[in-house]
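Read the structure below first, then the notes.
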Amino acid sequence: MLLWPAPAKLNLFLHIIGRREDGYHLLQTAFQFVDYCDWLEFRPSADGRIEHLSPLPGVPVEHDLVYRAALLLQQRTACSQGVEVRIRKHLPMGGGLGGGSSDAATTLVALNHLWETGLSISQLAQLGLELGADVPVFIYGRAAWAEGVGEQLQPLELPEPWYLIVTPAVQVSTREVFIAPELTRDCKPMTISGLLAGEGENVCEPVVRGLYPVVADALDWLSQFSPARMTGTGSSIFAAFDGKSQALAALACMPSHWQGIVAKGCNYSLLLDCLEKTGC
């Protein structure tokens with residue numbers, strides 16, 4: 001049995017540089033993966049039924065991104081096969097680590113292989129974009145500079161530090177953050193060279209600090225050890241360390257009511273490694 005990884009991502013910075021006519025925010029960000037994942041198991045079937053055996057509590061199956069990804073691939077390729085899907089869920093919900101998008105991307109990539117539907121990675125990414133702006137970066141599996149609504153991607157080679165990722169016990173509403181009047185929406189455009197020089201910030205962070213004091217507390221705590229930043233709209237935050245031992249030492253001091261993990265930054269996701277092992 002092969003388990004397929006759905007890795008977490010970090011937004012190393014997040015700027016908003018404007019808005020489109022349809023109201024969507026124009027973003028700049030940089031994605032890097034870590035070696036911490038959900039794990040998905042797929043059992044193809046001949047009956048054409050898509051069965052999600054690990055549904056998320058309170059989420060109707062037709063709204064679940066894994067189910068929607070499988071159905072989308074099945075319909076667009078006129079595939080007659082079905083599948084049973086199980087998920088070993090590790091990534092927190094509403095944490096800004098991309099768990100739902102990553103699960104959807106892994107579903108598209110894995111079923112394209114198992115069902116032998118023959119789509120290219122770029123074709124899968126186009127399908128993924130229909131499910132969410134973050135899905136394509138997980139399909140390509142490369143650390144990337146992103147613009148537009150997050151779908152315009154340019155591969156990046158970045159340092160791969162150890163991270164301590166802390167998730168307070170709260171789910172942040174992305175909608176609440178993006179409609180906040182105090183959110184900065186006119187950042188000066190960033191450059192890749194600026195990112196590599198350490199420039200950039202997460203402009204959602206001040207808004208989330210005000211709305212969710214527990215996230216502010218976590219940021220202040222983690223900043224004692226290394227500069228801390230929020231990923232996406234939170235609630236997860238992270239800090240980089242030169243070595244695993246330093247990250248583990250900070251984790252040992254973390255308040256017990258938060259969730260913390262130590263993970264390695266990866267410019268190539270574990271999903272790419274898995275795909276290579278299948279011979280694709």
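Every residue, even glycine, has its Cβ placed from backbone N, Cα and C.
The annotation active site is assigned in Swiss-Prot to Lys9, Asp134 on the grounds of sequence analysis. Feature annotation from Swiss-Prot assigns ATP binding site to Pro92, Met93, Gly94, Gly95, Gly96, Leu97, Gly98, Gly99, Gly100, Ser101, Ser102; the stated evidence is sequence analysis.
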I want to verify one value. Collapsing DSSP to three states, which class is Lys9 (active site)?
strand
In whole Å, how far does the CA atom of Gly94 (ATP binding site) lie from that of Lys9 (active site)?
13
Neighbour tally for Gly98 (ATP binding site), based on other Cβ positions within 10 Å of its Cβ:
27
Using all protein chains shown, find which of the binding-site residues Pro92, Gly94, Gly96, Gly100 scores highest when you count other CB atoms within 10 A of its CB.
Gly96
Could you name the residues, excluding Pro92, Met93, Gly94, Gly95, Gly96, Leu97, Gly98, Gly99, Gly100, Ser101, Ser102, of the same chain that surround the ATP site, i.e. Cβ within 8 Å of the Cβ centre of those residues, in sequence order?
Ala8, Leu91, Gly232, Ser236
From recorded positions Gly96, Gly98, Asp134, the one whose Cα lies nearest Lys9 (active site):
Gly98
For Ser102 (ATP binding site), nearby residues of its own chain (Cβ under 8 Å, 6 or more apart in sequence):
Ala6, Pro7, Ala8, Lys9, Cys37, Asp38, Leu91, Phe138
If you measure Gly98 (ATP binding site) to Asp134 (active site) at Cα, how many Å is it?
7
Whole-number Å only: compute the distance from the Cα of Gly96 (ATP binding site) to the Cα of Asp134 (active site).
11
Below 8 Å Cβ to Cβ and six or more residues apart, same chain only. Which residues does that give for Asp134 (active site)?
Lys9, Gly98, Ser101, Gly150
